[in-house]
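Peer 1: Here you go, one structure.
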Amino acid sequence: MSLRLRKPGEITAVDETTSCSSPAVRLAHRRRLRLACTAIYFTKVLESLTKKVLENNLGILRSLSYVAIDVRPGDDGLKDGKDEKVDPKSLSPMVREKSLDALAKFGGVSRLASVLETDLENGLSGDDETDLATDLARRKNVFGENRYTRLPAKPFFAFVLEAFKDLTILILLGCAVLSLAFGIKQHGLKEGWYEGGSIIIAIFLVVVVSAVSNYKQSRQFQKLSNVSSDIKVEVLRGGRRQKISIFEVLVGDLVCLKIGDQVPADGLFVDGHSLKVDESSMTGENDHVEVNDNENPFLLSGTKVTDGYARMMVTSVGMNTAWGEIMSSVARDLAEETPLQARLNKLTSSIGKIGLTVALVVLVVLMIRYFTGKTRDESGHVEFRSGHTKTNDVMNAVLRIVATAVTIVVVAIPEGLPLAVTLTLAYSMKRMMSDNAMVRKLSACETMGSATTICTDKTGTLTLNEMKVTEFWVGKEHVKNNDAAPTVLELLLAGIGLNTTGTVYRPEGTASVPEVSGSPTEKAILSWAVIELGLKMDELKRGCQILQVEAFNSEKKRSGVSMRRGAHIHVHWKGAAEMILAHCSQFYSQDGDKQMLDAQARGQIRAIIEKMAAKSLRCIAFAHKEVTDPQPHESSLEDTELTLLGVVGLKDPCRPEVRSAVESCTQPHESYLEDSELTLLGVVGLKDPCRPEVRSAVESCKNAGVNIKMITGDNVHTARAIAIECGILETPKDNSKVDEMIVEGVEFRNFSPEERFEAVDKIRLMARSSPFDKLLMVQTLKQKGHVVAVTGDGTNDAPALKEADIGLSMGIQGTEVAKESSDIVILDDNFASVVTVLRWGRCVYNNIQKFIQFQLTVNVAALVINFIAAVSSGEVPLTAVQLLWVNLIMDTLGALALATERPTNNLLSHPPVGRSEPLITLVMWRNLLAQALYQVTVLLILQFKGRSIFRVGEVVKNTIVFNCFVLCQVFNEFNARKLEEKNVFKGLHKNKLFIGIIGVTLVFQVLMIEFLKKFANTERLGWTQWAACIGIASLTWPIGWLVKCIPVSSVRSLLPRKQVPAS
């Protein structure tokens, strides 16, 4: 018997894409070896049985003269990918534990891709869209969605409990319960429940309204959190790159990763170059981990790409990833305390202490007057006579006095101030979303109102981000109609097609325009090369082997690639024109002649670049070099069909110093990617027009006292032209003054700290800047006391975004790292939206000031009236239920009415408010003291002379006092809409919520006076009395108008102003 050899086509039993040294291949070899040993053992058994049969002279059937063992490629114990099924739970620990053994059991990345039915070239595919949709639905059903289970949101009942935790509310509730019990005991259930029951109902109403408001804001913040979590991911499906939601990523998807991206799910490295990820979010380690197809092909969900680019195959999603498990057990704190809320809490505490003092004085005075027989009931009889008054009457009176004192505390403590901040932040966040700004950090809303300087990018923010190649130069000649030598065009196309992270997708069987993806610069160059020069990327890539890639970064402002084509190695560089030019020693002419780049030629080409830049063109240069292959790959020795003779093991100890030497070598093929003695292929000029609305937006910022500084990586000539076009720089009349406003990054970096400190306010434009220069600019501005807002889109912008008082990342071009480091995401990458954020920031601060003025007016009036009335007459004009109604008006309803005013252009006509400025300005003190003085005067007159003026009884007089007090607050709410403007009705029709709240307040006031007499302890009023109340309250409008005629600017200028540096 003998074993036949396999067929020639069956010799290679290992996938060509799999390295022979990988664990998966070694396992496959071991399996084949066991299979061969089993076959040999089986033949030996057959031979033994044959001998026995022959010895016993038994007849046997004629059989084949050999045994064939057919070992086919891939027959390693694994089933064909189409038939084999994989358990989703078995894939999760493989990536999480970074187990190469587990990956080997699946047969490596290529075999696992076959099992998951993923095409490693085209991604998830189908015969048509219906077939693909069916496949996606099946994957979602088998492997699950890329979502994690969130902790349940706080229920409404929890907010009700929180509202009940207020100490004053609990004391008031206890008094109400006791009052209810004594009232029922004394007067029976039918009449005795009114006083205590009314207070309980009023408390319940206040608590429910507060809980509903907080519950709605919580839901609003949760929705915004969900929106901010919905990032876009680039996947390959049907051979076409497309952006989808992170929640739509499925197992088997091919995801394209680049610098700054967040890894959307657990997966395996397929191909790429120089990929490094930051796994600190998972492991806590800050070291960047290199990912490759050999030693570490594992990518964890939630990690960030810090360098290189790659394609990964998704193996686990959602709750099957470690990131999903972590996030499902963590609740994001949406109720962060902003700096303004912290300041308001201190203000609330201070006012509360004053209110508590007044309440204690009122309590003591009322107790003394009651127990000394100085108080009388409605019939005129003395309320307390020692030894004659019943215990129940005494307890009821004491509880009424305590309840009144506690209610004064409730009214005095402006707990609505923090609520107003929450309401206005939630409202502004929702509105800003529709204005293309997504808030990630609440405090940024209010801080933006104080911004004094905005440092902005150029590309995509000030410009349209619609780049197009408009000029093409080869050497010193302007090329028209792409009329250049074929050799130059061939090298140029290789440099464009291979030295890029963009892709070109050509739909099969159609003549439509190819779809180009990548950064705006890459897309512009690729589109020009494909349409104008006839670039065919697929053919280009098939004809060469990529050896090494250096991805573009904002430090070097260039990218490079080396590739082998036949027996030659070619190096291509692309980047900022003047930087590439500095590395060139030769250049091609339009005819294809290679010429030396002497000083004269270099100066001429540099002048061409400057002339292009002056036309606002971004100049990109291409250079080439052919290098000697340090590792020749051709040999006359045959290295196939060999026979293994044996294996020996030799031990040679490593030198002790070798490890450190190896670690210091970061580029294993440094010689492949040479960047000296290059030959310049050509220079292209890309035009990116300014946004039409930018100039007016810049002008608005200047009028608002906000400085605009443009920080860009473009050369100084391009940047200057754009800055003048946008209005950041004025048209130069005196070049020396303009030159002081322009600086290059390297120059600014080399300034001494004193020079930087001196120059930073003058600078309007920084060109050729690095991320470190931007960070340095922010730090210097903050040291000078500026409140700085910074825009950024790249991963390297993260330090500056974090350092700034307000970090503004770009929603379209911004990387996930930049977005995570920012406070607000500008969804349309438009500078006009940055100005909108500035307007909203000032609106938030302005709305809070309006509410503070309104509420403090009520606080001052209520405290003074109750204190004077209690001390002088031993009675308070407002009962506990009435005071709770006033508290509801000024806290929740007042906050809703005043905190939802929309921003106006008038907000940008004032200079920014410094963070050290007091919350209550002189203007506010002027307004609120005038209104409080008027209310106190009128209500005290009504309290002591109201019976004789209106010729009514005590209860009706108290009702008139209560009605006038509430209506004064309603009318004064209009005054609070405008702190300085005299026309308080301007824009009123735009705020329907304000009108609705005023209407609801008036309706409930009428109900309490006319129909809820026993509940509110009131009496019905006549038409004359109603008219008098409305007339008294309406006088707050002319008083407010007259008060605003009193100037306060001169007073403000006389006060010392303390500047506190931004921190």
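Every residue, even glycine, has its Cβ placed from backbone N, Cα and C.
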Peer 1: If TrEMBL is the reference, give me the range from 918-938, 1023-1043 marked as transmembrane segment.
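Peer 2: It is 1023-1043 that TrEMBL describes as transmembrane segment.
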Peer 1: Sort out for me which stretch, of 196-215, 856-874, 880-899, 1023-1043, has the most Cβ pairs below 8 angstroms to the transmembrane segment (351-371).
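Peer 2: Looking only at 196-215, 856-874, 880-899, 1023-1043, the most contacts with the transmembrane segment (351-371) come from 856-874.
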Peer 1: When each of 196-215, 856-874, 993-1011 is checked against the transmembrane segment (880-899) for Cβ pairs under 8 Å, which one has the most?
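Peer 2: Between the candidates 196-215, 856-874, 993-1011, the best contact partner of the transmembrane segment (880-899) is 196-215.
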Peer 1: Should anything in the same chain at least six residues away from the transmembrane segment (196-215) have a Cβ under 8 Å from its Cβ atoms, list it; otherwise answer none.
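Peer 2: Result: 156, 159-160, 162-164, 169, 172-173, 175-183, 403, 419, 422-423, 880-881, 884-885, 887-888, 891-893, 895-896, 1014-1017.
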Peer 1: Taking DSSP states H, G and I as helix and E and B as strand, how many residues of the domain 'Cation-transporting P-type ATPase N-terminal' (105-184) are helix, strand and coil?
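Peer 2: Summed by class, the stretch gives 51 helix, 3 strand, 26 coil.
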